[in-house]
């Protein structure tokens, strides 16, 4: 009897000790566990909103194209209607941005970078609806923009929204959930979870506070976002180019040449983006009426362009597989490349809510395919496949422009499911990055953020100067 009692007491003591250990562990790790839970919520919400954004944009595009099909036999109706529909959709996006949330204009990625440094505000209650509806208008109009910028900014703002809902006040939680939402947003846009993680670590490395809690939160958010995306869209790669052949070792030097070409193109492209932004700023001078009319004209132009040459309009996801398959001649590839450079500059630099990743991927594909086809003529003994150069070119322009080679490499490989091309991708992207840096090119998003902060400081200084003397004391 005594033995049974002693055994029972010993078991109770062990249970109490275990409970005490668990309680102390929970108390010690309460904040990290709460952050990880909220990261899962942020990732899930970002995945849901990202999928909804994609589906809504596709629906608007299909409705617009369906209306044009109805009058396809009447040219006197078709051309004006193509202009008017795209112009009206674009004007909705420009008006909402200018009137209610100027920070929702453009890509939105520089805004997230600024918010991570506590230099830009995060007003999720106005950015979320404006970015969603405005992006739906501009992308639905057929403008040369991508959905990755909106989903990254939407994801970051959802992170801040969750933080406010759960009433977390710590700077660590604020920073971590913002970064988690941004990573989940990129993953939701491209079905590329690893690229989403690398994007935060590489592109936002000056702003991202790397520690065990933050990186675990980013992982958690990206996992949830990717699961949601695949539930609705399946597990197939987002860009279907088929399985391409490996790049023989004796052709790798050609990829270095391609990287050098993109190393020259990247800084020039960035410079053109900034110059075009300045041109538009001088034109509208901040007046909402001029800004909206300008946006409508650009949107209408894209609508007309979509009738003349569909490959020259839109984000570019539909163009990439066609171009990579070698269905265009070298001359036509270069013509579409130049045309899309112009339309990308007009659409993105005007401040329309939309990203530039997808247009850059399309530009890289066009130039890479043209290079591959030329290489096949000049070096027939190598039997080069144009599609492999298209894949390498997709990541190279991003590497040279955004200065994120790792993200560019992994993003393209995840999107196309051609992991066997990792070596030529590394060679091309490294060559492009090194030459762009040597030529003095600056990362695009960092430069845009610096200009935004300079404008913010100038506006604040002007406000302080115009304020009554009593308000400044």
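A Cβ is built for glycine as well, from the same backbone N, Cα and C atoms used for every other residue.
Here's what Swiss-Prot has on this protein:
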- 107, 356, 357, 445: chloride binding site (BINDING)
- 109-116: intramembrane segment (INTRAMEM)
- 177-189: intramembrane segment (INTRAMEM)
- 193-201: intramembrane segment (INTRAMEM)
- 387-401: intramembrane segment (INTRAMEM)
- 405-416: intramembrane segment (INTRAMEM)
- 417-421: intramembrane segment (INTRAMEM)
- 106-110: motif 'Selectivity filter part_1' (MOTIF)
- 1-32: topological domain 'Cytoplasmic' (TOPO_DOM)
- 70-76: topological domain 'Periplasmic' (TOPO_DOM)
- 117-123: topological domain 'Cytoplasmic' (TOPO_DOM)
- 167-176: topological domain 'Cytoplasmic' (TOPO_DOM)
- 202-214: topological domain 'Cytoplasmic' (TOPO_DOM)
- 233-252: topological domain 'Periplasmic' (TOPO_DOM)
- 282-287: topological domain 'Cytoplasmic' (TOPO_DOM)
- 310-329: topological domain 'Periplasmic' (TOPO_DOM)
- 377-386: topological domain 'Periplasmic' (TOPO_DOM)
- 439-473: topological domain 'Cytoplasmic' (TOPO_DOM)
- 33-69: transmembrane segment (TRANSMEM)
- 77-100: transmembrane segment (TRANSMEM)
- 124-141: transmembrane segment (TRANSMEM)
- 148-166: transmembrane segment (TRANSMEM)
- 215-232: transmembrane segment (TRANSMEM)
- 253-281: transmembrane segment (TRANSMEM)
- 288-309: transmembrane segment (TRANSMEM)
- 330-349: transmembrane segment (TRANSMEM)
- 355-376: transmembrane segment (TRANSMEM)
- 422-438: transmembrane segment (TRANSMEM)
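Figure note: comparing Cβ neighbours within 10 Å for the binding-site residues 357, 445, the maximum is reached by 357. Counted as Cβ pairs under 8 Å, contacts with the intramembrane segment (109-116) are highest for 177-189 among 177-189, 193-201, 387-401, 405-416, 417-421. Neighbours of the chloride site: apart from 107, 356, 357, 445, residues of the same chain with C-beta atoms within 8 angstroms of the site's C-beta centroid are 109, 146, 148, 149, 348, 355, 360, 402, 444. Around the Cβ of residue 107 (chloride binding site), 24 further Cβ atoms fall within 10 Å across all displayed protein chains. Summarising model confidence by region, the topological domain 'Periplasmic' (377-386) averages a pLDDT of 92. For residue 356 (chloride binding site), the same-chain residues 6+ apart in sequence whose C-beta sits under 8 angstroms from its C-beta are 107, 145, 146, 149, 273, 344, 348, 444. Counting Cβ pairs closer than 8 Å to the transmembrane segment (215-232), the top stretch among 33-69, 77-100, 148-166, 288-309, 355-376 is 33-69.
Under 8 Å from some Cβ of the transmembrane segment (253-281) lie the Cβ atoms of residues 247, 294, 341, 345-346, 348-351, 356, 363-364, 367-368, 371, 375, 379, 382, 384, 389, 392-393, 396-397, 399-401, 424, 427-436, 438-442, 444, 447-448, 451, all in the same chain and six or more residues away from its ends.
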